[in-house]
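Student: Just dropping this structure here.
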Amino acid sequence: MGARASILSGGKLDEWEKIQLRPGGKKRYKMKHLIWASRELERFALDPGLLETSEGCQKIIRQLQPSLQTGSEELKSLFNTVAVLYYVHQRAGVTDTKEALDKLEEEQNKSQQKTQQAAADKGVSQNYPIVQNLQGQMVHQSLSPRTLNAWVKVIEEKAFSPEVIPMFSALSEGATPTDLNTMLNTVGGHQAAMQMLKDTINEEAAEWDRLHPVHAGPAPPGQMREPRGSDIAGTTSTLQEQIQWMTGNPPVPVGDIYKRWIILGLNKIVRMYSPVSILDIKQGPKEPFRDYVDRFFKVLRAEQASQDVKGWMTDTLLVQNANPDCKTILKALGTGATLEEMMTACQGVGGPSHKARVLAEAMSQANSAIMMQKSNFKGQRRVVKCFNCGKEGHIARNCRAPRKKGCWKCGREGHQMKDCTERQANFFRENLAFQQGEARKFPSEQTRANSPTSRELRVQRGDNPLSEAGAERRGTVPSLSFPQITLWQRPLVTIKIGGQIKEALLDTGADDTVLEDINLPGKWKPKMIGGIGGFIKVKQYDNILIEICGHKAIGTVLVGPTPVNIIGRNMLTQIGCTLNFPVSPIETVPVKLKPGMDGPKVKQWPLTEEKIKALTEICLEMEKEGKISKIGPENPYNTPVFAIKKKDSSKWRKLVDFKELNKRTQDFWEVQLGIPHPAGLKKKKSVTVLDVGDAYFSVPLDKDFKKYTAFTIPSVNNETPGIRYQYNVLPQGWKGSPAIFQCSMTKILEPFRMKNPDIVIYQYMDDLYVGSDLEIGQHRTKIEELREHLLRWGFTTPDKKHQKEPPFLWMGHELHPDKWTVQPIQLPNKDSWTVNDIQKLVGKLNWASQIYPGIKVRPLCKLLRGAKALTDIVPLTAEAELELAKNREILREPVHGVYYDPSKDLIAEIQKQGDGQWTYQIYQNPFKNLKTGKYAKVRSAHTNDVKQLTEAVQKIALESIVIWGKRSPKFKLPILKETWDTWWTDYWQATWIPEWEFVNTPPLVKLWYQLETEPIAGADTFYVDGASNRETKKGKAGYVTDKGKQKVVSLTETTNQKAELQAIYLALQDSGSEVNIVTDSQYALGIIQAQPDKSESEIVNQIIEQLIQKERVYLSWVPAHKGIGGNEQVDKLVSAGVRKILFLDGIDKAQEEHEKYHNNWRAMASDFNLPPIVAKEIVASCDKCQLKGEAMHGQVDCSPGIWQLDCTHLEGKVILVAVHVASEYIEAEVIPAETGQETAYFILKLAGRWPVKIIHTDNGSNFTSAAVKASCWWAGIQQEFGIPYNPQSQGVVESINKELKKIIGQVRDQAEHLKTAVQMAVFIHNFKRKGGIGGYSAGERIIDIISTDIQTRELQKQITKIQNFRVYYRDSRNPVWKGPAKLLWKGEGAVVIQDNSEIKIVPRRKAKIIRDYGKQMAVDDCVAGRQDED
């Protein structure tokens, strides 16, 4: 104590004792205050010796000041004492504590201003300064509401236009990742954009982690860890860590890095919202240059390019894409002109006044030489000739005509003029121009079908140029009687004018007809017209005759130096020429991916060199035909491609594995439910079978879906990058191709069908059956019409597959004029059969059974039972070999079917083959079958012949409706009418009874026994029951009679169901010829009441034998465990020592069913005899039953104590919302401001009403404030923060926000103030909206959840003995044994355990229960543990 008295000495101590504790107070500082201060400093781990100097006091002040806001009163007193002592050392002459504190604050403010001024002098932005306070610490200043408001306004007003990026860059200058996340959180409502941004951030973070791997071993002491990608994104790093990284030595600018990632994502978003390319920005003819510049730079900002590239775009594209008037002026300025000089020079260009000035200037320059006639008008003839347009007077470099594709010498594409081998320039080839008025050759129909639109010029004959266009729009086929010129190349035609042949361009955009280098008769007058690149002077000739494509027109012709001869509208209208934009012949079907899914991104696997070579050749050919097209790296999708050899050929076939794309593509409705059958065909005089070539490749694919079909042809040893393609047509192997093709083909055939109603066309995929009653010549004419019709739509019908003469091969059948059969079937002879061989064999026999009666396959199918590999060898049983030999014999002689006659009735005859197999024939005339078939399906393990016969009848009736459209044929059945009627009346549930007659075809079907419908008077009554233990498989079966007789037998390796059946068998054995049997087993009752005569179960077959021997049997059912006399007695009799009555017996089944159906707790408690507490716990632990929808990454924690908090905005005010995650119960209120103080007060109110364990919030400044942290600490609440833009984080409260606003909108007119409407909406949501689990309201649900939680905890406390056990367990995703966990309940099916604080239900088969041996477990060899294992 004495040592500390030396802090002040002499005059300083006297000055110390003069200072007042409070202004105007009587108490003054004493020596005891110094001694107390030194002791307090030791408590705070500070050196008391620091009090002896002013520098030491300053260090103490720096250390204590950050803790003042949350510190205790003792801490504040200590700070005040040290501050006064600091000024005593300084001899500042303070009079009281307040004066010392005011001086200290003033001094600190001056220091901070100096720091800020120094930073400003250095040119560093101070938007979000990380400044050094008086204590030398780096302190972060949070974003201001004004900055956030400016950012929100930018997004709302600009809607992700290019201006957003520079604005974001300016507002976020110097920001930390936490600041950036705060900015993004404020615009989180733009979910699509934020999802794109999140994807970009994740990709960049992963790339950062890849380029900056974690160093092995622990970090050196005192050194900060290196930031990971998630640290930079602010999700796994704290604000303090970010500040240390940004201000460290050397610094890691995590804020700038994260900002760069966000700007990359914003670029992608801007490109999506503003999809205009800089190349598309061109100045309009009359658009002011200033407006053009504004548009240009707006799009330039959105371009993802470096500054150098953007500079090049400004220098070149700005001038290049200007209109001709401005371009002339800009080129005159030179390359060094600034933007201001350009805008000044082009001011006013493009308006009417500018046009007038130019025209006047041009006219003033017209001299007498221009007005001279004929040859004087032309200048001196030049010898140079243009390779581009073929005209003399200029070279190709200066040509103003559009650039021609291909070689300038020969006109062919694929090489340049310097590489051309032709000697003579022949660009205007003869096949490109009309000759003698005929249309030039245009692209094939298939190419047009593959194009999105087919634009063409038509020269019409007739007075109504619109009639044909209208007819085409109605769906009829356009007539080809007049020339058509498609616009895939320039519409150049040959014209005749003044006896001279010229080539000219048909230009629907030109008013006048302008020709070059031609002498015309008659007088002319001078004229100036605006042309390409400026004004040209021309001679105007009137009433000139021109012949175009065989059509004559008279009108004005202008002659002058035009780059290309033009036929304008003044001539085109006279000959009826129209510009048509017909829709593509085949309308594309729009296709989308399944909601929430993206396209496939499957890597291409390696391929051999020969496969790569084959695929390259195939794709080159397909690309030429327009079926696929090359794509660049901008397409992120890929599907693997491979090649296989064609059957019996050395050629290769390309296959694309669309498995992943098929999973992601929307579902399609199958437009054709099955394949047509020849038995349903009507007999026709003439028949033709056609095949559509390249069927799928003739139908265009939706342009927006093409990108998802991308695939890559790799190179050997990665010599070059892979060649990327995407499909333009329907791909083979894609799930949508069949449905879209069938739909398209139906639409195409519809006009032909309507025009030719007497012709029958059966269409299945690319196979067409065409039948008619026309003579063969007329029929073939119609076939050619059909082929021509299909060709116009782009579908070819190759001659190779055009079948004109019988027999016709169609759909696997062979068609003759008056009969049909299946194509020849050869059954293989093998010494050994694999599973795959037998599968193919059964398939062939099933196919043959449609016309070959008597074929049986059941013995062969029995060989395939069990899980076997395709290559496993299967020995044939004697039964199977016999059936195979019989089937060979049946197939030896060919059998034919006949065609359907609509005027006659159908007859179906069924025969029993034995062993559960049936065969049938459908015919109209005896011995002339339309088709045959077989039935051998066993729908249940216990059946009888009558039941199988009725199932066969049902199958044939359905088949009749499908093939012939008839409800039912007349049946001939091998069963007595009395037997049939008995079964039909009692057991067959149907709305119709087929017409049938008895056929005495052995073996006949009969019922072997019949159960009574009423109890038998005078007969003994047997109460039967059975029980078994699931673990030991031991059980008992027995009965008790109404006369006191009883019997029990012990069973091994049994189940409850088998024991119940065994009890019935005992009763039948020990009873007389008449007996009443009562059981409580619905399973046993259902089997026996169906009156089976055969079964796969041995015990059921034994029961059937006993039933056949009885005269009369009555079987009844009573509910179990309801106190019914005889049933209760026999239940006790068989349960003794067998059943363990534990309520958790059914918990595993309940869990499995809940995982499938998500039923509520009441249903599980009822169905599985579970206590409500356990059933509710199963529901409570299922996150799918607590949330609407499912989180994209993981599941939301639905424990009873978790709440999510968020602020939402409405009518300019802030609504703070808290939602109980498990029940969706909400608390909400309008708060004055979005501050930490208001939020902390709300949290304390919430904690005072409900048990709050965890609150989950976003990273908003109010939630991260010290006030909220303090209130959470005081109330014992754990606070968790969400990951920005992760739907898992705040999904529940976000959806509740939307729901709350919706309800507020419904009641807003009933309340004057918003805060009233909010409370009304909360009441409605919590207590007036029911649904979800148990049909509860949210208020009822939260009370129920909390009550259940309390009951469960109290119930656990009562279990004492069982807690002496420990459980080791495994969960489904991890094979490692976990534990030990505490055992709470044990049942036969599952156990309830507690692992740490989490209660889990684990299936019994995944748990090991052992005694708690304490420390001995660690050293013993666990022998005793294995002995005690349950």
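Along the chain as shown, the residues are counted starting at 1.
Each Cβ is built from the backbone N, Cα and C atoms, and glycine gets one as well.
Among the features that Swiss-Prot reports, DNA-binding region is placed at 1365-1412. What Swiss-Prot lists as Mg(2+) 1 binding site is D691, D766, D767. Annotated Mg(2+) 3 binding site per Swiss-Prot: D1206, D1258, E1294, in sequence order. Annotated domain 'Integrase catalytic' per Swiss-Prot: 1196-1346, in sequence order, evidence recorded as sequence analysis. Residues or ranges marked as region 'Interaction with Gp41' by Swiss-Prot on the basis of similarity to another entry: 7-31. The region 'Interaction with host CALM1' annotation in Swiss-Prot covers 8-43. If you look up Swiss-Prot, you'll see 12-19 marked as region 'Interaction with host AP3D1', on the strength of similarity to another entry. Taken from Swiss-Prot, the feature region 'Interaction with membrane phosphatidylinositol 4,5-bisphosphate' covers 73-77, and the record attributes it to similarity to another entry. What Swiss-Prot lists as region 'Interaction with human PPIA/CYPA and NUP153' is 185-223, and the listing cites similarity to another entry. Sequence annotations record features per position, and here Swiss-Prot assigns region 'Dimerization/Multimerization of capsid protein p24' to 273-359. According to Swiss-Prot, the region 'Disordered' annotation covers 438-475. Among the features that Swiss-Prot reports, region 'Dimerization of protease' is placed at 483-487, 531-537, 570-582. Among the features that Swiss-Prot reports, region 'RT 'primer grip'' is placed at 808-816, with the record citing similarity to another entry. Taken from Swiss-Prot, the feature motif 'Nuclear export signal' covers 16-22. Marked as motif 'Tryptophan repeat motif' by Swiss-Prot: 980-996. The feature site 'Cis/trans isomerization of proline peptide bond' is assigned by Swiss-Prot to G217, P218.
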Student: If I take the Cα of D1206 (Mg(2+) 3 binding site) as reference, which of the binding-site residues D691, D766, D767 has the closest Cα?
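Tutor: Going through D691, D766, D767 one by one, the Cα closest to that of D1206 (Mg(2+) 3 binding site) is D766.
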Student: For D1258 (Mg(2+) 3 binding site), name the DSSP secondary structure in the helix/strand/coil scheme.
Tutor: coil
Student: Across all the protein chains here, work out how many other Cβ atoms are within 10 Å of the Cβ of D691 (Mg(2+) 1 binding site).
Tutor: 18
Student: Quick one: Cα separation, E1294 (Mg(2+) 3 binding site) versus D766 (Mg(2+) 1 binding site), in Å?
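Tutor: Between the alpha carbons of E1294 (Mg(2+) 3 binding site) and D766 (Mg(2+) 1 binding site) there are 52 Å.
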Student: Taking the region 'Interaction with host CALM1' (8-43) alone, what is its mean pLDDT?
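Tutor: Across the region 'Interaction with host CALM1' (8-43), the average pLDDT comes out at 83.
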Student: Using a Cβ-Cβ cut-off under 8 angstroms and a sequence gap of six or more, which residues of the chain neighbour D767 (Mg(2+) 1 binding site)?
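Tutor: Same-chain residues close to D767 (Mg(2+) 1 binding site) (Cβ under 8 Å, separated by 6 or more) are V689, L690, D691, W810, M811.
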Student: Enter the number of other CB atoms within 10 angstroms of the CB of D766 (Mg(2+) 1 binding site).
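Tutor: Summing over all protein chains shown, D766 (Mg(2+) 1 binding site) has 19 other Cβ atoms within 10 Å.
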Student: What is the separation, in Å, between the Cα atoms of D1258 (Mg(2+) 3 binding site) and D766 (Mg(2+) 1 binding site)?
Tutor: 58
Student: Pull the DSSP breakdown for the region 'RT 'primer grip'' (808-816) and write it out as helix, strand, coil residue counts.
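Tutor: Summed over the region 'RT 'primer grip'' (808-816), the classes give 0 helix, 6 strand, 3 coil.
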Student: Taking DSSP three-state, what's D691 (Mg(2+) 1 binding site) in: helix, strand or coil?
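Tutor: DSSP assigns D691 (Mg(2+) 1 binding site) to strand.
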Student: I'd like the Cβ neighbour count for E1294 (Mg(2+) 3 binding site), meaning other Cβ atoms within 10 Å of its Cβ, all protein chains included.
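Tutor: Summing over all protein chains shown, E1294 (Mg(2+) 3 binding site) has 20 other Cβ atoms within 10 Å.
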Student: Should E1294 (Mg(2+) 3 binding site) be counted as helix, strand, or coil on the basis of DSSP?
Tutor: helix
Student: Using DSSP and three states only, what is D766 (Mg(2+) 1 binding site)?
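Tutor: Coil, per DSSP.
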Student: Which number gives the other C-beta atoms within 10 angstroms of the C-beta of D1206 (Mg(2+) 3 binding site), all protein chains shown included?
Tutor: 24
Student: Would you list the DSSP helix, strand and coil counts for the residues of the region 'Interaction with host AP3D1' (12-19)?
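Tutor: Output for the region 'Interaction with host AP3D1' (12-19) reads 7 helix, 0 strand, 1 coil.
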Student: Relative to the Cβ position of D1258 (Mg(2+) 3 binding site), how many further Cβ atoms are located within 10 Å?
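Tutor: Around D1258 (Mg(2+) 3 binding site), other Cβ atoms within 10 Å: 23.
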